[in-house]
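Visitor: Per TrEMBL, signal peptide is recorded for 1-21. For 244-392, the entry in TrEMBL reads domain 'AMOP'. The domain 'VWFD' annotation in TrEMBL covers 404-594. The annotation domain 'Sushi' is assigned in TrEMBL to 680-737. Residues or ranges marked as disulfide bond in TrEMBL: Cys708-Cys735. Here TrEMBL flags 744-766 as transmembrane segment.
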Amino acid sequence: MERFSMLIFVLLVACICRTLEFCVEISPYSGSIMGGTEFVILNATFNNTSNLVCRFHGNTVTEGYVDGDRRGHCVSPLLYRTGLVSVEISSDNGTTFSRTGTWLSVHTGKLDSKFKAAMVNSTQWQYYGTPDVGGTLNMTWNPSLVRADKVNIELWGYRETGEPYETDWRAEWKYLYTLAKDHPNTGSFSFVPKPGQNGSSSWELGSVRVSSNVHQEGKSHVQAVWTEDHALAWQLEEKFRQNSSAWALDKCLAWDKLEEKILSFIRELIDCPCTLAQARADTGRFHTDYGCDIEKGSVCTYHPGAVHCVRAIQASPLYGAGQQCCYDSNGTQVLTGDSIGGSTPDRAHDWGSPPYDIPPHVPGQSHWVYDVLSFYYCCLWSDNCQYYFKHRPSSDCRQYKTPSTAVVFGDPHFVTFDGVSYSFNGRGEYNLVTSESMRLRVQGRTEPVSGTINATKLTAVAMKESYFDIVEVRLASDQNSLEVLRDGKSLSFSEQSWIDLNGVSVFSPSPTNVTAMFRSGAGVEVRLREGIMTTTVLLPESFKNTTLGLLGRMNGDPADDLTLNNGQVVQNQSNPEEVFSFGVSCAITQLSSLFTYDTKYLLDTYASGPKHHVGFIPVFSIPENPNDPLAKETSKICSGEGSQFCRYDILVGRSPSMGNASRASFQSHISLMKALAPVAACGYVAAPANGEKLGVSYVQGAKLTFSCNDGYTLQGSQDRVCQENGQWSGEMAQCVGPSNNTGIIAGSVIGGIVLILIITMAVLYCKRQSRYDNVTLSSSTQRTGDTALQQRL
């Protein structure tokens, strides 16, 4: 009853928000972290005399205005965080804030290019002043993004001050100077850059802003469009232009000394997946790096030779560091020991991390300061990558463990983490996965396929980890798309495909594709095929021996996967009635429900009703009727492994499209399992000094071949193979030079001669000493005899 009362209260609050305008929607609802996006406040009207201001995240205020239709407008500010940010709206110049909404702040790398000013030939901008790079720089933008006839074009710089990891560590964006004032808003600008004046050339990272000329130069939080943040080579001091390599080396050496002094973060990071297939399949822990995406042509500026990179989604817990893993066209991880394009860890995660606002957690910019500018110093503006890779060595995959995966699809059918396949056609709301120790809950709702068929399908999945946001994915009213809710409120992905929430990130590149990624590394994928939801759950090894629910115990033992809530294990997993009893025991309770009940149907059927509908008795077995009009089509569609699921959905669910979707979902699961198959890794092996190594793969079956330069001899194994036990065959290869061989032989010969001489001299000495002793003894005896004789006489 308490739960039901709370649900009614939620609905009432929603009604109040809609009618009294306390809660508002805004359009557009998202924009760059750099700010400058003007939005309209929907479902609210204002007086023409209202002094409108908007407050973001409780502390950053921007000015607004009321248009002729009494609609309110505000501008998003420059922020130091991404994700959903609270927006409070005041119509009395900040005295009271009576309306509230949310704003989505987006990382510049994830923002659609149409919302940014473009640096034409960005390489020229970021190498300007290096040998053979100069001339005129050009930029373009969409004039409609700045409501003005004339604009100011300004340079803003970013830096971080204070001691790293100390309380005085601060992030700062600052206006530096104006490149052009009162420039026509034509959408293009060209200039020949000069070194910055009055100390501004010391700023090495920044962005160019285009804003209305009606504002004072350098005024914050005004409508504007920005370029991406970039290395400011084009305005660095004259010394850089005179000898960019020497200038960059000095910077590289200074960075090297800093890295030696500050805390190491490497041990905090998780290992990279061993293969590209694993990296793309482990969606709970890794996501495509937007700077090197195989789906977008593999333009890998900072990782030449790679075709795809991924980033660990979560920053490391203590230092906010990030992991980046890159792969070549063979699916092999690229390591910095072999290539400048190798995988590199990051002191600051590119996408930022809570608590944001302060280094090294500022999205994008902290990463630039500590990981990207240094790459320019040591690798791009000079040829001294050895310093960079000393502090940013690739993580190989020896400690990487693939996640376990389970799936629910079709009518519905289940494949547990340990590989048990079964069907459960109960109607209600059930625990798919619960892990008390990891504080994760994933729940599913099933509804009848139709009013006359005794079979069900999955229509909603709700999930929550720890005390963080609840994410629910459900069939939209059109039955052809998915709706995503955060704590009961619908989220829109019409402008952005990625939204960072509290403790969970949600990625939805299309209306039929949603992935939720949790702090623990758990991932939940929801896909819609032919109007049927498929849900895949991926759990890292930390969940082992902790899970219960319809997707089973994740412990490698399929025998105990179907365990009732009383601890009893289903003995005959092929018995539909026993399996059904197991499913019923996984029903959630009123108090544990994570679902949103925002319609009369949901309130009547699920919120106030039983969580498992005991009156709904499904069909347990597939009818075998050769005269069934769907029998021939069933045989055509359903074949091979998993065909029983496809046949059930057609012959019981009476839907060939559902059967086809089940077949495709099952095959996708098989493909996912293959991609996530564990791979033994033996670890990186360097080429021997004065020699070469052929081979850059370090996983099971990989072969390395070693050779030596002219004049050197190979000692150890010429070929080494990575074995199943994670150890290399053979012995370490070394190249020994001719001077070393001669020295060793000469040393041995001389040592032998010296030893023989010493022994010979010792023997001679002993013989000589023996003769001397004998002569002395004889003389002594003679003298003694003479004395005795004299005495007798």
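Including glycine, each Cβ sits where the backbone N, Cα and C put it.
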Visitor: How many other Cβ atoms sit within 10 Å of the Cβ of Cys708 (disulfide bond)?
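Guide: The answer is 20.
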Visitor: Once the chains shown are all counted, how many other Cβ atoms turn up within 10 Å of the Cβ of Cys735 (disulfide bond)?
Guide: 21
Visitor: I'd like to know the mean pLDDT over the domain 'VWFD' (404-594).
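Guide: A mean pLDDT of 95 is what the predicted model shows over the domain 'VWFD' (404-594).
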Visitor: With helix taken as DSSP H, G or I, strand as E or B and everything else coil, how many residues of the domain 'AMOP' (244-392) land in each class?
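Guide: The domain 'AMOP' (244-392) comes out at 53 helix, 19 strand, 77 coil.
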Visitor: When DSSP states are grouped into helix, strand and coil, how many residues of the domain 'Sushi' (680-737) land in each?
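Guide: Helix (H, G, I), strand (E, B), coil: 0 helix, 23 strand, 35 coil.
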